[in-house]
Amino acid sequence: MAYPMQLGFQDATSPIMEELLHFHDHTLMIVFLISSLVLYIISLMLTTKLTHTSTMDAQEVETIWTILPAIILILIALPSLRILYMMDEINNPFLTVKAMGHQWYWSYEYTDYEDLSFDSYMIPTSELKPGELRLLEVDNRVVLPMEMTIRMLVSSEDVLHSWAVPSLGLKTDAIPGRLNQTTLMSTRPGLYYGQCSEICGSNHSFMPIVLELVPLKYFEKWSASML
């Protein structure tokens, strides 16, 4: 989860988020090099009197500043497209969970089970226990097995919402009348927090998401106790 004065991303917990972090660092390096070059040229122009007032054309320079940006864009676009296709790929999900957005709570349905569904509301600040997080805790957590491919179906009952868990690299819009899907897989157990990421009314800030990723045997015990 995020913490005060944090400058970077949350720790990656899924393969997709790890790829996104690598892509961020890759792109940031390119942007840093371009910015350094531009600042160097500007400082050179301001501190020297070297000019080329007699130059009418420079085919070599024009060729370079046409080809070089194209190469840079390709270096950014190729890994970006790779990650985009990885995020859309769904292969043999172990479990399917449907998340429905409401004003202002989430409801979940485990579609592989006959009767396993519940609503998830934020716990008010006055009811928090010691050690619990303000505005992030819910009364019913989404319990999922770790190291398994989970398919999430996301929609809404009323207005636009967005189901987002940053540490897993997830953000899927919840649109009324439309069913969007995404996949998640956690590489380690733990609690992972998210929030609605689409302004949806006065209580938009009070729609937290809590995923509890556990080993498969504990998930089976939990699902049996919920039926």
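Glycine is no exception: its Cβ is also placed from the backbone N, Cα and C atoms.
What Swiss-Prot annotates here:
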| type | residues | note |
| --- | --- | --- |
| BINDING | HIS161, CYS196, CYS200, MET207 | Cu cation A1 binding site |
| BINDING | CYS196, GLU198, CYS200, HIS204 | Cu cation A2 binding site |
| BINDING | GLU198 | Mg(2+) binding site |
| MOD_RES | TYR218 | phosphotyrosine |
| TOPO_DOM | 1-14 | topological domain 'Mitochondrial intermembrane' |
| TOPO_DOM | 46-59 | topological domain 'Mitochondrial matrix' |
| TOPO_DOM | 88-227 | topological domain 'Mitochondrial intermembrane' |
| TRANSMEM | 15-45 | transmembrane segment |
| TRANSMEM | 60-87 | transmembrane segment |
Inset, instruction - Could you tell me which of these binding-site residues, CYS200, MET207, has the greatest number of Cβ atoms within 10 Å of its own Cβ? - result: MET207
Inset, instruction - Using DSSP with the three-state reduction, classify GLU198 (Cu cation A2 binding site) as helix, strand or coil. - result: coil
Inset, instruction - Mind tallying the topological domain 'Mitochondrial intermembrane' (1-14) by DSSP state, helix then strand then coil? - result: 0 helix, 0 strand, 14 coil
Inset, instruction - Could you round the CA separation between the residue listed as 'phosphotyrosine' and CYS200 (Cu cation A1 binding site) to a whole angstrom and send it over? - result: 35
Legend entry - DSSP three-state assignment (helix, strand or coil) for HIS161 (Cu cation A1 binding site): strand
Inset, instruction - Could you name the residues, excluding CYS196, GLU198, CYS200, HIS204, of the same chain that surround the Cu cation A2 site, i.e. Cβ within 8 Å of the Cβ centre of those residues, in sequence order? - result: GLY101, TRP104, VAL159, LEU160, HIS161, SER162, SER197, ILE199, GLY201, MET207
